């Protein structure tokens, strides 16, 4: 079977995402070309269903975008939590390793410098006692053994520096990754709002801006899919065999036995530092016993030391007497050695606790849980977010040309209306905004042709002038100003409308001409 290296696998995933982006753009291009070239004249009864279809497509795409942003927020938060758990574990492990090096260095310095200074002064004071000098020499040998055991412990400066650099890089990348996705979420919501406004206001400028931003968002979505997939796959490869990766990274600084001890921390495994720590503890115990014996048996040989230390209780010497110089006092050096050994014992207990596998193994498990569970889960949700955004914006891009065509059809139908039609609101609006334009001809005006007047048929019933004046008076009473109409509605049996004074005279004259031959009952 064909096996790929991790870098080749990530490159392959990037190429797959690039191919998907190319196919998506190719599909959209073909769709738009077919939509522009294959225009079909639709029937009037199919325009409303098409408008409903466009509306529902836009609404569905907007809802999918909002759902995708919610999924993205959750995935971004999960990834951020996992990365910060990893950083906390790295920082705690780095603190432990730094503490081990600090304890080893401090104890070594005490044994090599502090103890040697005290022993050198005690050799001068106790030079007359060979047994005491032998005890001091034995203590020097034990101190050298302790220094030798401490030097056998692994030095953690290299791994600690690597952990510091790794934590700094991860924190830097995570901050900008989190910020970039937050801006991406805001961009997606802004484009959805722009699409809604464009469809609601029927604005072609907003739709054009939304189309351009939608193409940009589509490219960013597939780029996000490529990056998140590569990160998820790379992290999963690390989580499958983290011990091998860590051993390869630390083989030059720490032995494989020590790394294996910290990675697995099983009870069956022996502590690789047990022998060194045991020798350290036994040497300290022996030195404490030796210094305790010196304090117990050597100090009584120097009564001046007790007098100088506790204060003189006898009478003051005569000023004329010349006393010899007092010998050096060993009490201070003996107590200093005892205090140094007690401090070394405290450091030993701290060093044993830090070198135990349970602390670093817990940091190792916390780091794995953070990056392999929360981190990978968040990346999967981000991949789902990017796919949903790509699908929804592809739908919006497909619906935008249809909405554009629908807007153009509505404008064309509106422009095809007859401007001479007196009931056309557009004609009234044109006449209002363009006073120089000729007024619309009255249907029964004397300036019209005789044919239009002859087309008026006589009413079938008698007509009275009273309702006209009464109707006009009611209109003035309730409406404030009478509403004048330009066209008389004759022969329908409905209440007459209000006319302007000139129109009323014209209406009465025409009515008289048609009614008088039939012997109407109008009063003279």
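Positions of Cβ are set from backbone N, Cα and C atoms, glycine also.
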Range among 134-155, 156-177, 178-199, 244-265 that TrEMBL annotates as transmembrane segment: 178-199
Correct range for region 'Disordered' (source TrEMBL, candidates 308-329, 330-351, 352-373): 308-329
Range from 54-74, 178-199, 206-225 with the greatest count of C-beta pairs under 8 A to the transmembrane segment (12-33): 206-225
Stretch with greatest number of CB pairs under 8 Å, the transmembrane segment (54-74) reference, 178-199, 206-225, 379-400 candidates: 379-400
Long-range environment of the transmembrane segment (206-225) - Cβ separation under 8 angstroms, sequence gap at least 6: 17-18, 20-21, 24-25, 181, 184, 187-188, 190-191, 194-195, 197-199, 382-383, 385-387, 389-390, 393-394, 396-397, 400, 403-404
Close approaches to the transmembrane segment (178-199) from elsewhere in its chain (Cβ under 8 angstroms; 6 or more beyond its ends): 54-55, 58, 61-62, 65-66, 68-69, 72-73, 76, 79-80, 206-207, 209-210, 213-214, 217, 220, 224, 382, 389, 393, 396, 400, 403
